[in-house]
Amino acid sequence: MGRSRYHNKLKEGIFEAEITALSHDGRGIAKVDGKTTFIPFTLPGEVVKFEYTFTKAKFDEAKVVEYVKKSLNRVNPPCDHFQICGGCSLQHMSTDAQIEHKQQTLINQLKYIGNGVEPENILPPLRTSNTEGYRNKARLGVRYVSKKGKILVGFRERNGRFLADIDKCIVLNPLVGDKITEISSFIETLSIYQHIAQLEIAIDDTRPAMIVRHLEPFTNEDLEKLRSFAQENNYWIYLQSKGPDTIFRLYPQGDVEPKKLSYQPAAGIDIGFEPNDFTQVNNDINKKMIKRAIELLDISENDSIIDLFCGLGNFTLPISQHAKTVIGVEGEPTMVKRAKETADNNNITNVNFYAANLFESFEDKEWFNNFEYNKMLLDPPRAGAQEVCNNIEKFNVKRIVYVSCDTAALARDAGILVNTKGYKLISAGVMDMFPHTMHVESIAVFEKI
């Protein structure tokens with residue numbers, strides 16, 4: 001029997017609709033004859049004329065032909081590549097409106113995904129001092145395009161299939177973002193330019209580092225060119241031929257100081273990191289976020305605090321300046337090792353770090369059984385902290401500060417804490433970690449009733 005496939009004929013002509021909301025990827029949403037239609041580069045409240053570009057059983061896609069009514073929140077995108085490059089999704093929306101939208105997204109998801117959870121107070125949003133040049137971490141694709149006769153370096157196009165042809169990136173730190181053309185031209189001089197797949201960028205307080213992911217070996221001449229490029233631009237260059245364990249630093253060579261990249265999360269603390277380690281992309285907001293987390297924990301000198309999903313100690317080490325003891329727990333052993341080294345290098349003696357998978361049972365772990373805590377900080381990845389929240393009564397903590405990069409996961413976990421574990425949501429708010437994108441960084445405070 002042959003397979004039957006659903007085929008819908010694309011509607012022809014020009015249609016009109018009002019945009020009522022934004023999708024998770026920043027496209028405008030309109031309801032046309034009861035069916036959801038996604039229309040890019042539109043904002044809620046706008047009325048547009050459009051034509052269909054794609055249709056499926058449950059939704060349609062379209063493009064704007066004319067703006068009949070424009071939103072007061074509409075601005076001219078600061079980047080010439082905005083409509084092509086997929087790196088940003090909200091440059092056509094004022095930064096104030098972006099924050100308001102993200103704040104409302106948080107409140108809505110707490111209510112609907114968290115089954116009625118509402119914060120007693122809305123925290124004022126943490127704003128960044130610069131919505132351009134803020135991004136210090138990125139993975140940039142590299143591809144030789146024969147039709148264009150050149151190397152492309154950048155993010156994928158909005159459709160996700162090809163790399164966008166860009167000459168600069170305004171959200172990347174300008175030490176890299178202003179040099180996209182220079183970097184792509186340099187790669188063209190290498191013998192294996194068609195076999196370089198990716199550049200992983202990490203920028204500390206003073207210098208950029210670049211991991212060059214290559215699929216074929218470099219020649220000696222290539223290596224000399226890479227060293228010269230690094231020296232001329234004050235870059236640290238790393239090479240990666242296969243998995244993460246193959247990464248090594250090509251330039252500078254030898255036992256140089258400093259041995260690692262580093263940043264200061266708070267006064268008096270230097271955290272060393274490798275370019276493939278997880279660090280926050282926005283240094284300005286990171287410092288403000290840490291300060292806010294410490295304020296919301298309401299730390300006294302007798303507090304014992306546990307920091308789960310602690311990474312390199314981004315929160316743990318600054319918290320240690322205010323608390324009696326702090327324990328950091330992280331799933332990646334390499335990061336735990338670096339966190340311990342950082343504590344030693346900064347002469348911090350009231351912290352300790354442990355490696356543990358926090359997505360499975362941890363009741364047999366030393367850090368769980370041999371210490372008592374009265375407060376907790378959570379900073380999980382996008383998956384959230386469901387296992388921890390399901391077992392929160394075993395920690396017996398009075399206050400929880402939860403930092404989240406995924407509002408849906410936070411809302412789910414808030415529902416667990418508030419509806420089944422006897423906590424109340426004191427306050428919640430957003431932080432402008434990712435301007436011009438739909439990514440939402442948020443923070444919430446829970447207190448035991």
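Just so it is clear, glycine is given a Cβ too, placed from its N, Cα and C backbone atoms.
Swiss-Prot names Phe309, Asn314, Glu330, Asn357, Asp379 for binding S-adenosyl-L-methionine. Of Gln253, Gln264, Gln280, the residue it gives for the same site is Gln280. Of the binding-site residues Glu330, Asp379, Glu330 has the largest number of other Cβ atoms within 10 Å of its own Cβ. Within 10 Å of the C-beta of Phe309 (S-adenosyl-L-methionine binding site) there are 22 other C-beta atoms, taking all protein chains into account. Closest to Cys405 (active site, nucleophile) by Cα-Cα distance, out of the binding-site residues Cys169, Gln280, Asn357, Asp379, is Asp379. Close to the recorded [4Fe-4S] cluster site, the chain also has His81, Phe82, Gly87, Gln91, Phe155, Ala164, Ile166, Ile170, Val171, His436: residues not among Cys79, Cys85, Cys88, Cys169 whose Cβ is within 8 Å of the site's Cβ mean position.
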